[in-house]
Amino acid sequence: MGATWRSPGWVRLALCLAGLVLSLYALHVKAARARDRDYRALCDVGTAISCSRVFSSRWGRGFGLVEHVLGKDSILNQSNSIFGCIFYTLQLLLGCLQGRWASVLLRLSCLVSLAGSVYLAWILFFVLYDFCIVCITTYAINVGLTVLSFREVQGPQGKVKGH
């Protein structure tokens, strides 16, 4: 049976919009920093709390991996924020669809985002020795979306929906 439309729910809508806004803000900060090396973003609180330094690092593009695997000029070697915008839009759209494949894609994309969040958090703390407020907030949003996606599969007493 095909997928049908439904409301994504207020929590998913709020999380996706917050993630999208933060991803767009990260793109803005990265672009402003590229134009002006002295640019100071609102999220740049100090030397060890600097989102613009994180966004401008080699790990702020293609997760620090794409350039080494596919080359610097690969179309996939984009700012991580671009992937964030795509992810949060996809989460919102898939959250509006009712159907088995939409549910599977929703949960699978959440798990991928969770793995990416753990990887980037490790880079943030143990390689860059930084604290990025925007980054940490997006990781929390990704955890929230993952929890929400798996909760939607179960009914009120923990029973799987539709069974």
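Indices start at 1 and increase along the chain as displayed.
Glycine residues also receive a Cβ, built from the backbone N, Cα and C atoms like all the rest.
According to the topological domains annotated in Swiss-Prot, Arg53 and Gln98 fall on opposite sides of the membrane. If you go by Swiss-Prot, Cys51 shares a disulfide bond with Cys43, out of Cys43, Cys85.
Between Cys132 and the candidates Cys110, Cys135, Swiss-Prot records the disulphide pairing with Cys135. Cys51 (disulfide bond) sits 13 Å from Asn80 ((S)-warfarin binding site), taking the Cα positions as reference. Put simply, Cys132 (disulfide bond) is 14 Å from Asn80 ((S)-warfarin binding site) when counted between their Cα atoms. A simple way to gauge crowding: the CB of Cys43 (disulfide bond) has 20 other CB atoms within 10 angstroms, across all the protein chains here. As a summary of secondary structure, the topological domain 'Cytoplasmic' (96-100) carries 1 helix, 2 strand, 2 coil according to DSSP. Taking the Cβ of Tyr139 ((S)-warfarin binding site) as reference, residues of its chain lying under 8 Å away and at least six apart in sequence are, in sequence order, Ser117, Leu120, Ala121.
Cα of Cys132 (disulfide bond) to Cα of Cys43 (disulfide bond): a distance of 7 Å.
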